[in-house]
């Protein structure tokens, strides 16, 4: 059984009903899973790691791209075969007919972040125990977490107001709905008190935080705070832990958080999905297209924060992409010198506006462009990591085994970026932040010795 947390908190009571849980997709989906699991535990349900031990299985699905849809349908099928009683939630739940066509025997289907609906369906098909004792089935103040104890994802909003032509997230998760900043800060405080050393701020669009509620003023720690990205980042920076900003849309006001990085309040790291560098393609994608201004801003950011790490994602082979468009993208990579980059070959997503665009790119051309893109970016990433050799960096330890420790520097987000290897060092533990002198690098990772 594939889960993102096999046994978060199993109750000592053997009479409580049991739930198996499969969590697929992005960190935002993981946070949804944590919230559902927390509420289930508070109601006395046991969370178990195997199909055989579960009275029912919940599958939290992803439906962003076709491969994710197939993975989700496969996970639902596996749960049905192994257990038989399955509830489906998550992004793919927006395509209810598609699920029922393949798996007509599921007990129920809900969409993304439909917490109350999920719980209502659980209650209908598997009522909670009448003997549940909340004093023995305790849940920690920070709730159930599926990440290691020392880092946590902090979701600040749901949905998205953009209409990128290749994306169906607004159809699945709805328009932007920002959480009150006081509520977000309260959760962040609870996580830090529970031992979290790194907060990863996530949403569909972190830089749009508060737009939907006109940046309403809320209160935290007895003082007023506007619901916007800058004030949130500044307040999080007061908690004394690493703060990492993900999924930032390149709005002009992103410039305002750069001084917080220069002051050490927020990690010098920005995750900004540029998607392409050809103005023609960006218009077709319905993305910001002022590439020269973007390059100028990157230059200004690095003047203020020389050690800034920039992560981005790009799409090659988008409908209508010419060789000239692709060359513009390669030129952008050379000039921008981004640190961490992901690249995807365009594939149609059911329901996306881009499906209606003419001039699809042949698969062999997509593959060739992807290979050229990755070859160039690997060279850039290798050169940028080589500049860290000889430096001493703070490293957050993630794992320790007989061969040594593995951690991450400020430049590395979990799961998607590189690692720092401390070969032979077993005198540290996960969650420690130690200083490491960097001795070696490759295109993705660093090696060093604790000092």
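Placed from the backbone N, Cα and C atoms, the Cβ positions cover glycine too.
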Site-mate of 62, 91 for [4Fe-4S] cluster 1 in Swiss-Prot, selected among 26, 160: 26
Neighbours of 160, 164, 167 excl. site residues, C-beta within 8 Å of centre, [4Fe-4S] cluster 2: 162, 163, 166, 168, 169, 170, 204
Local Cβ density at residue 62 ([4Fe-4S] cluster 1 binding site) - other Cβ atoms counted within 10 Å: 22
Other CB atoms, at most 10 A from the CB of residue 91 ([4Fe-4S] cluster 1 binding site): 28
Between residue 167 ([4Fe-4S] cluster 2 binding site) and residue 26 ([4Fe-4S] cluster 1 binding site), the C-alpha gap once rounded to whole angstrom: 15
Residue 164 ([4Fe-4S] cluster 2 binding site) and residue 91 ([4Fe-4S] cluster 1 binding site), Cα-Cα, nearest whole angstrom: 17
